[in-house]
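Encoded as structure tokens, here's the structure I'll be asking about.
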There are 2 protein chains.
Amino acid sequence: MGLVVQKYGGSSVADAEGIKRVAKRIVEAKKNGHQVVVVVSAMGDTTDELIDLAEQVSPIPSGREFDMLLTAGERISMALLAMAIKNLGHEAQSFTGSQAGVITDSVHNKARIIDVTPGRIRESIDAGNIAIVAGFQGVSQDKKDITTLGRGGSDTTAVALAAALDAEVCEIYTDVDGVFTADPRVVKKARKIDWISFEDMLELASSGSKVLLHRCVEYARRYNIPIHVRSSFSGLKGTWVSNEPQGDQPMEQAIISGVAHDTSEAKITVVGVPDKPGEAAAIFRTISDAELNIDMVVQNVSAASTGLTDISFTLPKTDGHKAMSALSKAQPVIGFDSLRYDDQIAKISLVGAGMRTNPGVTATFFEALSNAGVNIELISTSEIRISVVTRADDVKEAVRAVHTAFGLDSDSVEAVVYGGTGR
Amino acid sequence: MGLVVQKYGGSSVADAEGIKRVAKRIVEAKKNGHQVVVVVSAMGDTTDELIDLAEQVSPIPSGREFDMLLTAGERISMALLAMAIKNLGHEAQSFTGSQAGVITDSVHNKARIIDVTPGRIRESIDAGNIAIVAGFQGVSQDKKDITTLGRGGSDTTAVALAAALDAEVCEIYTDVDGVFTADPRVVKKARKIDWISFEDMLELASSGSKVLLHRCVEYARRYNIPIHVRSSFSGLKGTWVSNEPQGDQPMEQAIISGVAHDTSEAKITVVGVPDKPGEAAAIFRTISDAELNIDMVVQNVSAASTGLTDISFTLPKTDGHKAMSALSKAQPVIGFDSLRYDDQIAKISLVGAGMRTNPGVTATFFEALSNAGVNIELISTSEIRISVVTRADDVKEAVRAVHTAFGLDSDSVEAVVYGGTGR
């Protein structure tokens, strides 16, 4: 029996009862003979409450101080969790990100992990303790300041520790039973995926699936750490994410892993762009100078009569305002006609490595949408993903239609969402 | 202009408004040309809320984890305070006890400061920042674990930092205007003391005055750091505690500094102790083996007819049960008749170095109590203090009578209590 890293999100430790429930589950793993390292997020709404306090005190809180503030959240949950475990008769010690050796760069609020030096953790588990580590936080290499890792930070902490400690598996406990073939809140007959490759999981994550973030999966793939996503509320097996199926996992990969959707993006259309070399470059240089990331890009075929074309792209709604004003400012130089902004869109993506060798996939996808009366506005494809943009109002129907068309529907309703939303 | 250490208690930073008010005051000191280091406690009820959470999770929380938990409180207040200061256009950085170099022993929940190595603080203030330091916490020398300093810990942090940084003064901001000649909630005409010696302040602190704790004053005396106790709510000058009066402080020390009272003690009487050598020693060995501290001790004159005597002593009520059961167990060996326990007592103390050279003080004290109809049960004296034990019901009347008898009454009502109780 080797070393297991377990990560519990905020909804799993939302209150004293939750902490005690999680403590029992941790102790079970220890009793089964594993060395156990636990990464924990802040309790339920703690982070939101702290952000609220910060906003009362200062409209633009300093990054360094904001990180100092937020990290109090994990400090509370990890100490309580260690107490709860000791109360069950097992030894536990909690460690801050800094004590656990999570070394980051100095970019406050969204630091990147540079290195993990888990000497104290190794010492603690070798002495028979269960080690509890604060997720989401680290210490900056140069200034020794406390940093936070930003969205999905606790999952990344867990995977990074698993890699540094050469763990057998990184278990991500959350409030759903695993990764599903579609969002169970939209598709009642969504099926839990038993095993999915890193590659497909990365595509799902960047297409709107929220169970695991891209960043964490990318880290796991780089260090080849199997992830087991499962519920902290039920005792069920969850979803394994790894290079190759192992043990009793299904040996053959499905053609299609799942359908993801995303309603967090907006579409900007640059209308009447002169169809000559350098125009598209000028537009996207403007966007990148504003430090904005874009997702899909489509350029219409130029109308021969005018010599003008339209260029559309999508980006996070939160960056919409910045992008529009950057482009407006650049309009005289670039010389387009006008800008259109549309935040009533949805992106629907079909992901599966199997589509490489199954030429009919694209046709089936479009037919399903067409039969459901859903209009397609943009299309973009990768080797293992097809994404379309539709009206936001059509998203649920579109996802369900595609899910059914690819035979992903379960015979019964499987999915249960237990708590709130994990972090 | 030199370096000032300011300490703000939990009631001063109870909410966002309090934090902003305190930030303004800190910035004023900086504007006046001082280097400023601020020590801050947890916000208002934070600590109690965290203790409550711990109790929900575990009946006997581990010391190490309890400290990890509680230190989240200062982390929140100090980060918010730094944000509020930056919002006023001044640079501020917050530091945990560990970052500030507060090195302690490993006794969790009541660690003692061994050393202070404030290199990062010095660097921060020399770079023009206001440094905000978490009170009440440190890091253990051997294990590098987070520790807390126990009651009055934040005041001690402030004085220790002031000593290590060679500060001009340590300002303790609280919710009263300073140290008073008696508890203003009992004596409306209590007067604020402008200056008091370390010696008298130590006696007041150990006699029940709660403004400064003994431990903090003792530290200040050892390193000769002047303390200025004052309100964070008013702009008034407070009370200076130092070796010698300075500047515009009154040059001559009052005969009597003040009257303190304490209702937190109980009295145990060991009845019918054989009046022979070794009996008292056996009783107090029993108490000290149980690791209990006692305060006053009185042995009655032995009754010649019986050869038996009574021994009474006082100790904190919280230790009462432990002491009674230790003595009960030792009864067969020591051979006394019975035990009496009384927790309806009060201790009233008169403190002042001037009483050394004023022989009438004791007489005036007892006359005042007698005129007020207050019965004296025990008496104990030091060179600069007289303490008596009375019925708890008599305490207010007794304190007022003594206060008036020594001419301490102010012409007007001076004292205002602004917030809750500081920590």
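A Cβ is built for glycine as well, from the same backbone N, Cα and C atoms used for every other residue.
Feature table excerpt (TrEMBL):
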BINDING   A:Lys7, A:Tyr8, A:Gly9, A:Gly10, A:Thr174, A:Asp175, A:Arg185, A:Lys210, A:Val211  ATP binding site
BINDING   A:Thr47, A:Glu74  substrate binding site
DOMAIN    A:268-344  domain 'ACT'
DOMAIN    A:350-413  domain 'ACT'
When DSSP states are folded down to helix, strand and coil, where does A:Gly9 (ATP binding site) land?
coil
So for A:Glu74 (substrate binding site), how many other CB atoms are inside 10 Å of its CB?
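Excluding its own Cβ, A:Glu74 (substrate binding site) sees 33 Cβ atoms within 10 Å.
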At a CB cut-off of under 8 A, do any of the binding-site residues A:Glu74, A:Thr174, A:Arg185 come close to chain B? List them or say none.
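Nothing passes the 8 Å Cβ test.
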Which residue, of the binding-site residues A:Lys7, A:Gly9, A:Thr174, A:Arg185, A:Val211, has its CB surrounded by the fewest other CB atoms within 10 A?
A:Arg185
How big is the Cα-to-Cα gap, in Å, between A:Gly9 (ATP binding site) and A:Thr47 (substrate binding site)?
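The separation of the Cα atoms works out to 12 Å.
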Can you break down the domain 'ACT' (A:268-344) into helix, strand and coil residue counts using DSSP?
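Secondary-structure breakdown of the domain 'ACT' (A:268-344): 29 helix, 25 strand, 23 coil.
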In terms of DSSP three-state secondary structure, what is the assignment for A:Val211 (ATP binding site)?
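In the DSSP reduction, A:Val211 (ATP binding site) maps to coil.
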Using the residues the record lists for ATP (A:Lys7, A:Tyr8, A:Gly9, A:Gly10, A:Thr174, A:Asp175, A:Arg185, A:Lys210, A:Val211), what whole-number Å value is the largest Cα to Cα distance?
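Site span for ATP, by Cα atoms: 23 Å.
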For the domain 'ACT' (A:350-413), what does DSSP give as the number of helix, strand and coil residues?
30 helix, 14 strand, 20 coil
Going by DSSP, is A:Glu74 (substrate binding site) part of a helix, a strand, or coil?
helix
Using DSSP and three states only, what is A:Thr174 (ATP binding site)?
strand
What is the separation, in Å, between the Cα atoms of A:Val211 (ATP binding site) and A:Thr47 (substrate binding site)?
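It is 19 Å, counting Cα to Cα.
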Tell me the Cα distance separating A:Glu74 (substrate binding site) from A:Lys7 (ATP binding site), rounded to the nearest angstrom.
12
